[in-house]
Structure formats: structure tokens, C-alpha cells
Amino acid sequence: MEGILLEEYEQKPVAPSALKPGRYFAASYAGEHVAGTEFVIGAMFVSWGVGAGDVIAGLLVGNLLAVLSWVLICAPIATDTRLTLYAYLEKIAGPAFIKIYSVINGLLFCILAGAMITVSASAVRILFGIPPQVEWYPTSGTFILIALGVGAVVSFAAMRGFSFVARFSEVAAPWMIAMFFVGGAALLPVILAGTPSISSIDGYSGFLELAETSIWVDQGTEMGFWHVVAIAWGANLAFHGGLGDMSILRYARKSSYAWYSSLGMFIGHFAAWLAAGIMGAGAAMILSQPLTSLDAGEVAFQALGPIGILAVIVAGWTTSNPTIYRSGLAFQSLHPAWSRQRVTLIVGVITTIIACFPFVFTRLLDFLGIMALVMAPIGGLIFSEHFLFKKVGLTRYWRSATGAALNMPALLTWIASVGVAALLGYGLGIHVLFLFVPAWITALVLYPVLAGAMGAKSVDPVALAEANQAESQRRVAEDAYLASHSKTRLAGSGSNRLMLAGAALSLAAAAWLGISALVTGDLETFQTLIIWPTVTYFIFAIMLVMRESAQEKLAVDEG
């Protein structure tokens, strides 16, 4: 196993030769965020009772804020340091701090990945006639076996490292996007038929009328536009504002690759959430059951037939793979001598056990709010030290110069920031979805104040001169390497283009079937035929990605 695993640079900057082109990040973000949670959250907006206009506008604003958080906060730090969040946080806050943080962060990622494995297992359970798992505990022994099997596959993929995870997303992401769109299109006629007051959909205004009548119906609940903004922005706060995606973006050749997160946010957290809402409302009509009693597997099966089962399995994998990878990095940072692969295996076992209990799957909204609240202050204090310290007369990396094992101002900032947010939640009744904002801002402001009072002003920058010089030389070498390899092209482009064309035509055929189902309302024929473009797509896409991977490895070896 060790021989097939690549260097992951857990404790040191990523080497220039290991930096990845933009397509890796396009696929990774599109794949991870067009995933299992989309079936859950997209349907959740329907059950919230938020009007269609508020859902659409709220998703646009919230997802834009999320993209800007990746672009302006996470990516500049990741590409400047080339370190994981854990390695950089240890440099700033000390080894004692990182042990506390890594345990908490790793467990949160385990729970999130477990929820996504539960999503995948919810699809497989349809094949065995197992009832939906809507309680916090499993109600079927067979479901437990399914979750264990899915978890084993996901854990193996995460053990292979970032490149393997990214290639998996590169294959799965375009197909997943297509399945959300065609699934939503196929069930619109079902919703239309169940809405006697509307006879047809004439453009966007007709769709909005149908949506307000039978999909996102305004029920006058406390949930509204700003709640939708908050969930769209904060659902991945741990990754952008909390800097968890330093682990991914440290491989980016350019900081601007963070704009690829817009693929995940607007195709996934916008279009796919809307499509999932349509599928959820349609499935509830077909089965004459409340949406809250259906899981992701049942919703996708009603929309896409047997391919819906595959869609949910792949959707869960595309999120749980990189999440287990992140969790493995978190726990591996506790003891750098530990093998990341073995740590990831242990994390996978823990995650798989969690997946057998659907408690996070059934309370996903609350969990995401709590995770954002806990992780937000870390992003605020790191951003402060990285960008603000020099501007306010403080020494960056002052903790390293003192040799202290624990950066006490950082720990106090984390505790105080969570405390302020919790006080706002419990004392003023502010919804948990909004609390990450005051937590992040509190850390941003409080940390330099405490650090300045507790030693960051008195440290002599000369003590860090050698380390700063080494870092400067690393950046110069990286810039030189990237400049000399900027014109590199992979060989065999003719065959690659042929396979790319085959994959694209397969997706076009799937899209045509979805449009046909929308026009004719023939759901059964659609569910039968959608199998074939799926098969041809995966044949072409897997061949293409394997070929590109081999060519890239050859180019690196020769370079």
C-alpha cells in the first residue's frame, strides 16, 4: 500500500512540482459541493416553509459570500504558506494548541463525513427493501452492514491522498451535476399535475408561480431570506472562513483557483439545492407522504429510478472522501511521525461507525451551525496574524520566537469568541445559523489585542530572520519553477479530446432525456433510458482521467 501513495506534505510546504492545475480544483469543488448534503438541504428548504423568492434570492447572496470567503480569506493564506491548516496553526499557536484543535476539528469532520456515508447508505437500502432510517439510531441490521461497506470504500479512497480524491471528483462531478438537473426536470410535470390551479409552465414567471404554490410555499414561519443566506454562507464556513481548505488549496498553482469554488456554490449550493427541492416535493407527491419522512435515497429513486441510487451513493462519496482526508490530516498533526495513511484508516473506521447512526443526517442543520461556530474563530485569528499583525506593529510568528508550547492569547481568543457567540444565541435568541459571523469578527479583533498585551510587541524580529529568509527563498524557487513550467502541455491530446467528446456527448444525451421528460411527462421511459448515457459517460470519463493522470506523472518525472 505504501508504495502507491504519494507525498502529502503534511508538515512542510508543498513542493512546486506537486502543485496542481485548475481542473483539479474545478472538479474537487464541483464534486464535493454537488453531493449528498444537497439532497438533504435542498429538500429542507421545502419543509422550512420559506417562500420561493426568498429561497432563490437568499441562495444567490449566501453563495456569493461563500465564494468571496474562499477567494479573499482562505486561498491567499494557503498559496502563500503552502501548508495545511494544522501545520500553519501549530506555527502560530503552538503544539499544545494544535493538539486541542485537531481533536475537536477531526471529530467534527468525522461526524460530517459519517453523515455523508449515511446518505450513500440510504440509497443502497432501497435495493434491500429496508425502511428509511429517519431516527437518530439504526432500525435495521442490514442497514448497518451497508453503511460499513460504503464506509470501507470511502476510507480506502481517502487513504490514497489528495490526487486520488481529486481524480474521483473529476470523474463524478459532471455526471452528478447532470443528474440533479435532469432529476428536477423529470419531476416538474408530476408537481404540475398535482397543482390544479396551474396548467402549464410559461417561462420563469410560470415556474416561479408553480414553485410558490407547490414547492417552496411561504408558510409564515420564522425562517426567511436571511436564514437561507446564513445556511448558504455558513454551511462550509469551516472550510473557507475557518481555513479548513488550506489543506486543498495549498496545492493550487494560483490563488485565483479559489474562484472555482463558484462551481460548487452556484451549481451545487444553488442550482442543485433548488433541483433537490423540486425532487423532494415531487417524490412526496408521488408517494403521498410528507417530505420529512423521506430520505435522500427515496427522493432520488423517485426522480431517477435505479440511477438515482447510484447518484446518491456517488454524491455521498464525493463529500465524504475529502472530508475523511481532512480529518486524517487533523489527527495526524497530533503526532507528525504517525503515517497519514494509517491515521486516515483509523479515522475511516470511526467515521463508518458514526455513519451507522443517522443522528447527524436527521439534524444536519444544527450540526452545521455548531461546526461553523466552533471553527470560525480559528480563521479569524489566523487571518489576523497573517495579514494584520505587521500593520499594527506586531511580530508575525512571535510564538515561534518565544518557543512557548501554547499561544495563550490564541486559546483565550478561541474560548472568548465562542463564548460571545453562545451568549448572543442563548441571551438574545439569535439563531445558531448566524452565530459564526460574530465569532469570526470577535477573534479577528480580540486576538491582536491580547497578543500585543502578552508578548507579540516585545519579540525581536531578528530572532525569526533565519526562518523568514528560508521562507523567502522557498517562494523564489517556487516562482521560478512555475515560470519555467507554465507552457507545459500533456501529450496525447488527440485521444484525450476523443474521450472528452464521448463523455460530453453522454451528458448531452442525459440532458436531452431530462428535457424530453419535462415536455412529455413520461417519467418511466426517462428512468429506463437514463441508464445508458450514464454507462457510456463513466467509461469515457474514467479512461480520460486515468490517461491524463499517467501523462501528468510522466511530465513531472521528466520535468
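Each residue, glycine too, has its Cβ placed from N, Cα and C.
Features as listed in TrEMBL:
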type	residues	note
TRANSMEM	55-79	transmembrane segment
TRANSMEM	100-128	transmembrane segment
TRANSMEM	140-159	transmembrane segment
TRANSMEM	171-192	transmembrane segment
TRANSMEM	224-243	transmembrane segment
TRANSMEM	263-287	transmembrane segment
TRANSMEM	299-317	transmembrane segment
TRANSMEM	343-361	transmembrane segment
TRANSMEM	367-389	transmembrane segment
TRANSMEM	401-424	transmembrane segment
TRANSMEM	430-450	transmembrane segment
TRANSMEM	498-519	transmembrane segment
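The stretch in 55-79, 171-192, 224-243, 430-450 that contributes the largest number of Cβ pairs under 8 Å to the transmembrane segment (299-317) is 171-192. 224-243 is the stretch from 100-128, 171-192, 224-243 with the greatest number of Cβ pairs below 8 Å to the transmembrane segment (55-79). Between the transmembrane segment (343-361) and the transmembrane segment (498-519), the number of CB pairs under 8 angstroms, six or more residues apart, is fewer than three, so the stretches are not in contact.
Remark: the transmembrane segment (224-243) contacts the transmembrane segment (367-389), by the rule of 3 or more CB pairs under 8 A. With a cut-off of 8 Å between Cβ atoms, the residues of this chain six or more beyond the transmembrane segment (367-389) that come close are 73-74, 77, 80, 85, 88-89, 92-93, 101, 104-105, 108, 111-112, 115, 231, 234-235, 237-238, 240-244, 360, 395-398, 410, 413-414, 417-418, 421-422, 431-433, 435-437, 439-444, 447-448, 451, 456. Pairs of Cβ atoms less than 8 Å apart link the transmembrane segment (498-519) most often to 171-192, out of 100-128, 171-192, 263-287.
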